[in-house]
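Here is what TrEMBL records for this protein:
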type: TRANSMEM; residues: 7-27; note: transmembrane segment
type: TRANSMEM; residues: 33-53; note: transmembrane segment
type: TRANSMEM; residues: 65-88; note: transmembrane segment
type: TRANSMEM; residues: 94-116; note: transmembrane segment
type: TRANSMEM; residues: 128-146; note: transmembrane segment
type: DOMAIN; residues: 141-376; note: domain 'PABS'
type: BINDING; residues: 171, 245, 279, 280; note: S-methyl-5'-thioadenosine binding site
type: BINDING; residues: 201, 225; note: spermidine binding site
type: ACT_SITE; residues: 297; note: active site, proton acceptor
């Protein structure tokens, strides 16, 4: 019975993740399939120890049996819990990791046919070994074809043909293409559509560059796709751009995937651009070089590892890396769909000593999207709760040399700073590193609009 349980667990556990990936976009009652898988696999896992102890009770004293079995169970669980997030998932991805654990169960089952041979009926021994080898073969085939399974699931979920896919230690990167253009997804979340990304990136970059008219040293945090850098390099007075992005796979995509390299104007290959592959939180806190303008293009704060990059601690450290006259621009999710999240980000920047000005832009792929301009407040201690944009001359005047933009014009620039009644400030607390309320607000607001 123990060997049969191991083989069943190998099959169900090993193929559970790939099958759930495939089922997610196709089945309306997916949550019941998920819960059912958890219950069945959990039941099989729960049967392992009692069955093993029943087999060994004739050969060991009860106390020794309990201590040995529980000790090995604890050590195995500890080893697996460390191996899973630190090594396996970052390098193999979820699908292959599940199959690896399934293979371990199948190998335990096969080993059991030899170790427990004196306790097994000879008549059924060959059949057990045959089933074990069959399960191992299926799992090895699944491991080899895991990328194909992932791509098929992503095409069904993302709604386009996958033309590029990569799994880095930090994220899953996928590019899809349809008849209109291509789209970049990180961990299943849309980052841009080539059809209208220019609206987003022009709105992100040109307001801050318009108020920092002589900025020579520009810092870009995130934005590994090179599209924000493309806009910054339009300004001849910019001597250097430092781009800090955690994931080398992202900047590799931006330089080696030809459609994206053409879209970003090969900006990351320019002599004025320096690439830094570090955690932005650590990099900002460790250095002392100051910048004349900062552009922040992080993904939305959907988890705590990204949420720290929207915290008051991070913004306070970033202030120290900005010259006295420097300006900052940041994307802040949608003020229409997620108003509490949006205003939480702005309130956090105020709490960190910035004077903050909200603005927005319509991007067809995303809808109404929110941004913010920030600069050193005249009195940092009184910045929190101050009127938004109190020390700015608004709207910023678009530079006269920017005549070839596809979206922004002087009148369009002015309209960005005119927020309608349904996007006015909300009373929310700042996002502190020790509580990260922003992550919860973001999850609640976007979860309600899925």
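In case you wondered, yes, glycine gets a Cβ from its N, Cα and C as well.
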Top Cα neighbour of residue 171 (S-methyl-5'-thioadenosine binding site) in the set of recorded positions 201, 225, 297: 225
Env. residues of S-methyl-5'-thioadenosine site, Cβ within 8 Å of mean position of 171, 245, 279, 280 Cβ: 170, 222, 224, 244, 246, 247, 277, 278
Maximum Cα-Cα separation (Å), residues 171, 245, 279, 280 listed as binding S-methyl-5'-thioadenosine: 16
The residue listed as 'active site, proton acceptor': tally of other CB atoms within 10 A of its CB: 23
Distant-in-sequence neighbours of the transmembrane segment (7-27), which means Cβ under 8 A and at least six residues beyond its ends: 33-34, 37, 40-41, 44-45, 48, 94-95, 97-99, 101-106, 109, 131-132, 135-136, 138-139, 142, 146, 149-150, 152-153, 156-157
Same-chain residue ranges lying at least 6 outside the transmembrane segment (94-116) that approach it to Cβ under 8 Å: 2-4, 6-7, 9-11, 13-18, 21, 55, 80, 84, 88, 125, 128-129, 132-133, 135-136, 139-140, 142-143, 146, 149-150
Model confidence over the domain 'PABS' (141-376) (mean pLDDT, whole number): 94
Residue 225 (spermidine binding site) to residue 280 (S-methyl-5'-thioadenosine binding site) - Cα separation in whole Å: 16
Candidate with sparsest Cβ neighbourhood (10 Å radius) among 171, 201, 225, 245, the listed binding-site residues: 171
